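**Student:** One structure, pasted below without further comment.
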Amino acid sequence: MHASFHFYDYQSLAVTSMTLQLTLSFSLCHVSGVSLNMAHKLVQVTLCLWVFTSLLLPSPTAGLYRVSLKKQRLNLNRFKAARIAMSGGGMLHNYGSSDGEVIPLKNYMDAQYYGVIAIGSPPQNFTVLFDTGSSNLWVPSSKCYFSIACYFHSKYKSSRSSTYTKIGKPCEINYGSGSISGFFSQDNVEVGGVVVRDQVFVEATREGSFPTFVLAKFDGILGLGFQEISVGNATPVWYNMLNQDVVREDVFSFWLNRDPSANEGGELVFGGVDPKHYKGKHTYVPVTRKGYWQFDMGDFLIGNNSTGVCEGGCAAIVDSGTSLLAGPTAVVTEINHAIGAEGVVSAECKEVVSQYGDLIWELLVSGVQPDKVCTQIGLCVLNGTRYMSGIKTVVEKENMEGLSAGDQLLCTTCQMTVFWIQSQLKQKGTKDTVLNYVNELCQSLPSPMGESVIDCARISLMPDITFIIGDKPFKLTPDQYIVKMGEGITTVCVSGFMALDVSPPRGPLWILGDVFMGVYHTVFDYGNLEIGFAEAA
């Protein structure tokens, strides 16, 4: 999950933790058009939410050495350069034993991992999402009176802790799926059997984006990103674990089990690596920008064919708080088209192709730079815009002011059309063939929230998707990048690739979430500022 993120202010990225199934279920309980007083409405909403969350509420935990982390279902409403490694394709490391604080994870429906920590003396238990895409720790406060989400989760009571220290400074953290606000406090935090003293955290007094936090399996979030993105510059829990010498090594590692029926859902190790959960050796790449765990990714392939999008390298992050794989809309649309996924049909997209396709083709063939085409034909009239690999992908917020939503959409659609046609020109396709292909891509544009669905019967026919990291291939098979929801005839298959456009200077950005981390055991090496990937076992 990525803190300080807005869909139009891409300072960082976002996560929601809801399943499509729960979202649809909640809509059945929406109160509208009914003449009820506020109390009656609250009762009705509460009853409805109780029905759909009764199976999601945290169960008691027996201890803290092994914190039971469960994985919440699909995350659909989201959403977060230097040389690649060394000449040999990245440094290779091998650890003989974990020698760290082991936190067992439990898998809840392949999309969200969370576990139990404790705050205060005596300890008060909370389930938290361990999130490498943000850096703050927050839990609901006993002073949260007006957010329904707080009534469904454990709340911190400072008056019951002998080690509590008042700070009181107000704080707000914005996520793409909603926001929380509250104030800073300080207390001891117990994680995996070790106690972190005097940890600054946020007591949340308001949780937004109803029903995102209401239906969440977790109470709060424990960020494992860098301090550079910590709201209020609060020292992250991981930093204090190192500063207080409660872990042996300055690394932590994730193993995520993608079998939702398994008793053991995964494992988070603070201060080491568990060798029984990976095969071979890790391929390491350097962190290129502190904040998120960001690195430079090479090309990626659909089947055996290079997309060419990341020939010069693409910025990517590894994010345990994101359920899917996210990337720029234009590229994700091509991937989803190749695997047969379908989203919302965009009339604007088809209109651009039918009215401007020929002209875009001619301009590109005549040598006009891709980043100038949409301006020349009048669909983008702004100055100072940014481009990825020479092709415009996202217009910065300040440049969008004053434009209608329709103008913005036409401009964005034109940018994607130019991107697609330029890609096909490299393959020497004819104009008619290319324009027909681009028109088909319009059919594969994702839904407004970025996700795309697919016929489950087609999984065996889909191509592999391969990422090049540290000059080595990391392949995902269709069974690995398709997320299944429900059972039997009610099963819905969702593409593991979702569209998310992140503006410069942070973006464009690829986000390798749980879909990727479930296949590849991941080591976050803070001491050497690098990230390691090995086949999960």
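Using N, Cα and C of the backbone, Cβ positions are placed for all residues, glycine too.
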**Student:** Which of these ranges is annotated transmembrane segment in TrEMBL: 12-36, 512-536?
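**Tutor:** In TrEMBL, residues 12-36 carry the label transmembrane segment.
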**Student:** Minimum Cβ neighbour count within 10 Å among the active-site residues ASP131, ASP319: which residue?
**Tutor:** ASP131
**Student:** Excluding near sequence neighbours, so keeping only residues 6 or more apart in the same chain, what lies with its CB under 8 A of CYS150 (disulfide bond)?
**Tutor:** PRO140, SER141, CYS144, ALA204, GLU207
**Student:** Between ASP319 (active site) and CYS310 (disulfide bond), what is the CA-CA distance rounded to a whole number of Å?
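**Tutor:** One finds 20 Å between the Cα atoms of these residues.
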**Student:** For CYS314 (disulfide bond), write down the residues of its own chain that are at least 6 apart in sequence and whose Cβ falls under 8 Å from its Cβ; none is a fine answer.
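**Tutor:** Looking at Cβ-Cβ distances below 8 Å from CYS314 (disulfide bond), excluding near sequence neighbours, one finds ASP296, MET297, GLY298, PRO508, TRP510.
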**Student:** CB neighbours of CYS310 (disulfide bond) within 10 A?
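**Tutor:** For CYS310 (disulfide bond), the count of other Cβ atoms within 10 Å is 23.
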